[in-house]
Amino acid sequence: MATILEMRDITKTFPGVKALDRVNLQVAEGEIHALVGENGAGKSTLMKVLSGVYPHGSYTGDIVYDGEVQAFGSIRDSESRGIIIIHQELALIPLLSVAENIFLGNERARGGIIDWQETERRAAELLARVGLKESPKSIVADLGLGKQQLIEIAKALSKDVRLLILDEPTSSLNEQDSEKLLVLLTEFRRQGVTSILISHKLNEISRVADTITVLRDGATVARLDCKNGISEDDIIRDMVGRSLDDRYPPRTPDIRDEVAMEVRNWTVRHPVDPDRTVVRDVSFHVKRGEVLGIAGLMGAGRTELAMSLFGRSYGRDITGSVTINGKPADLSTVRKAINAGLAYATEDRKTYGLVLDDTIRRNVPLARLESVADGMVVNARREAEVAERFRQRLNIRSSSIEQETVNLSGGNQQKVVLSKWLFADPDILILDEPCRGIDVGAKFEIYTVIRDLAAAGKAIIVISSEMPELLGISDRLYVMNEGRFVGEMQTAEASQEKIMARIIKSGEAA
Amino acid sequence: MSDVSDQTAAETGRHQAGASWRFLKNHMREYGILFALIAIMAFFQVATGGILLKPVNLTNLVLQNSYIVIMAIGMLLVIVAGHIDLSVGSVLGFIGALAAVMIVNWDMHYLVAGVLCLIVGALIGAAQGFWVAYFRIPSFIVTLAGMLVFKGLTLWLLAGQSVGPFPPQFQLMSSGFLPDLLAMDGFNLMSFLIGLTVAAGLTLLALRNRAVQSRTGTPEEPFAFFAAKVAIIFIGISWMSWLMADFRGLPNVFIVMALLIAVYSFVTSRTTVGRRLYAIGGNEKAAALSGINAKRLTFLTFANMGMLAALAGLVFAARLNTATPKAGAGFELDVIAAVFIGGASMAGGVGTVVGAVIGAFIMGVMNNGMSILGIGIDYQQVIKGLVLLAAVIFDVMNKKKG
């Protein structure tokens, strides 16, 4: 088979981070090529390089497509050569019709006037090709996620796709829709369309893929041929196979025999779509002085669990009970949750964590403003002292406490968020992806803070998609998948293989 | 010896001047608006041949703009919270009509009627804030509806007629002056002394803050800049009160305005409530996740706006000495323009009470100055519109640079 795409020695750096380090990818014409790796391994970055989101010149290495070296300057360039990428977050306009979406930016028009008959006729053809029985006039928002995914594919087909890239296409689909999609991919293979499939669902990959490329830490670590069958265990080993070196501060756990928080039968439904259960019957506990990890893939329901606990900031029809320090706790509003001794540091610091236009001084005391105020009046001196104290304690690199947080780097923004919650002085601190998108040095500093807090008798819950991180800093961990806790293990006995196996087994059982 | 000290003195002077200039350039966003007001006043003072700052005209300027300033204070809070209130002009008219009906038609005591009007205003604001805060209906829509509703209710209440006149005590609210207990002929000494006291008080406050800053760390402002700023404010206030004392003294409504400015400035910049208001405007989600009751605060902000609109309505009715069905039409635009000229951000989370007040006076001085010059109302609108646009462009460019 001819090679349609070869990416040679692709290296892409962001300030302070090497996202891709001499990555190689070879895709044969007409195959389904799977790209796997942990979150942060560089899969999406590689695809953005390929599709021109990161234009030629912002990376080093060559992209050879169709036998020629390409220099894509934008998505438009790559699309004109038949390379179409479908992102995990679908890019459809919800209130437009199916046909309008399919031809968005590529309208069937003459002299700027849309030919609706042609548009609908062509749309109907494309819908038939992807096996979707819907009128081209239906409004996209009225259709389920599975159907929306198919519309994205129809849109790709309308642009005469030759290389179709799907980023986690089945992560938000149910079993039936996923199955349909996979069948469609094999149908495309018969028609000669090449696909690159990015997925965490190894059972799906081992079924449909012809070749698998495994990425780890921004480098290609394996290229597996699936002709003779391949086991999921092999893929997992390549995905996670690395040693835990001393990227974590040394620590002797001092776990008190007091349960700080216990959650029983916690169930949360989706805020907009009450038929979807996002967190299903979750029970767990955490002790004082303990660092508890919650592992799982993106979309497992971990953030939703944490935010629903923290003042019901997510979801509806929440049921279940919580006790804190042995007493039933009322967590019905954020204020009550804070007063009960709970704190939640968000995974999305820009949207949920910081008032970006405000200074460090004004952000740090926000969750417990009354303790820097005399009555109603904020005491500027005490406020500044508090901010300065945390700036030094967490080593927030900034010109002064008067710097606006929007101008800080990710790691330092994260430290401001942490400062805010440390100042609120909680007994139980939930940290959601505390080290996402920050550099190694800042990570170490944050791990050190977590360690010190645990040593001081706080209960820490760390949610992370990076398994090495959880194995490096937690004492005990739960595995979450599709809204349920599917495993509990002592970290000493845990391994990435075991965690992955739990996730995959539970996915197959469902 | 003296040569050397002279040299160092000259050097510190240069150094201070340079530092002050740099500071000013970095903080153009905050001080630019004040300079704009001074420049506009200077321009019209010259262009009108000195009429602008004649005691009688200055007093008029304050009286003409008092209700805009009062509403701009409330609007600043609404805009900082990330919302808008288009109904304030109609509410002003409605409350004026309500006061006229109660006082003139029903012979109610003017104080009772006044208090009732403020309560009704707060309830109107609360009713609108309720939908905005708890049901997330966009404030633009809710208050647009309110604008129509209260315009209609004003017409209904007055049955399309003007109602007046008010009893003289009621009129005093906006046409009265501070009595001169020191009874001097032709000069209201007490008003001048009050002005001097306020100016001295502000200076002392600034000095004290500076001292605290010096103790806890280095003060942000270079000394020369600080000194110049304090001196300008001191001289400015003293001079204005001198001028007004030379006519009939400080107007009652000026005192009301000054108190409101002081109180709301304090609330927004120094209290926990103020801090939380800026936080919900800056990032409502982050504020809510920090335990701030964003809904209640938004609700109260609208209730407060309604009350201030009612107060402005009373002042306006007292000034005209009659309630007319047309009162307040279009005022919301002047108020909103004042707040944006004053440096507030459409997105919320940014803006100051003092900025909004200065913005209101920029509009007021331009209205007044252009009227004196006999510029037609047509050109006046065009020029005011361009000034609003220029002020916001300036603000956005400065933000990008910083």
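Counting begins at 1 with the first residue displayed.
Even glycines carry a Cβ here, placed using N, Cα and C.
Annotation comment: TrEMBL describes B:31-52 (among others) as transmembrane segment.
Here TrEMBL flags B:58-79 (among others) as transmembrane segment.
Marked as transmembrane segment by TrEMBL: B:86-104 (among others).
Residues annotated as transmembrane segment in TrEMBL: B:110-133 (among others). Residues 83, 85, 87, 91, 94-95, 98-99, 102-103, 139, 142-143, 146, 150, 166-167, 169-170, 294-296, 298-311, 313-314 of the same chain, all 6+ positions outside the transmembrane segment (B:110-133), place their C-beta atoms under 8 angstroms from a C-beta of that stretch.
Taken from TrEMBL, the feature transmembrane segment covers B:140-159 (among others).
Summarising the annotation, TrEMBL assigns transmembrane segment to B:187-207 (among others).
Residues or ranges marked as transmembrane segment in TrEMBL: B:223-243 (among others).
Feature annotation from TrEMBL assigns transmembrane segment to B:249-267 (among others).
Sequence-distant neighbours of the transmembrane segment (B:297-316) (same chain, 6+ residues past either end, Cβ-Cβ under 8 Å): 66-68, 70-71, 73-75, 77-78, 81, 83, 85, 87-88, 91-96, 99, 114, 117-118, 120-126, 128-130, 132-134, 139, 173-174, 253, 256, 260, 273, 276-277, 280, 327-328. Summarising the annotation, TrEMBL assigns transmembrane segment to B:297-316 (among others).
Here TrEMBL flags B:336-362 (among others) as transmembrane segment. If you look at the transmembrane segment (B:336-362), the same-chain residues 6 or more away from its ends with a CB under 8 A from one of its CBs are 29-30, 33-34, 36-37, 40, 61, 65, 68-69, 72-73, 75-76, 79-84, 86, 261, 264-265, 268-269, 278-283, 384, 387-388, 391-392, 395.
Of the recorded ranges B:31-52, B:86-104, B:140-159, B:187-207, B:249-267, the transmembrane segment (B:58-79) has the largest number of C-beta contacts under 8 angstroms with B:249-267. The list of residues near the transmembrane segment (B:223-243) in space but at least 6 beyond its ends in sequence, with Cβ under 8 angstroms from a Cβ of it, reads 16-17, 19-20, 23-24, 53-55, 58, 191-192, 194-196, 198-200, 202-203, 206-207, 210, 250. With a cut-off of 8 Å on Cβ pairs spaced 6 or more residues apart, the transmembrane segment (B:140-159) and the transmembrane segment (B:86-104) reach 3 or more such pairs and are scored as touching. Long-range contacts of the transmembrane segment (B:86-104) within the same chain, counting only residues at least 6 positions beyond its ends with a Cβ under 8 Å from a Cβ of the stretch, are 67, 71, 74-75, 110, 113-114, 116-117, 120-121, 124-125, 128, 140, 143-144, 146-151, 153-154, 157-158, 163-167, 170, 305-306, 309-310, 312-314, 316-317, 322-333, 335-336.
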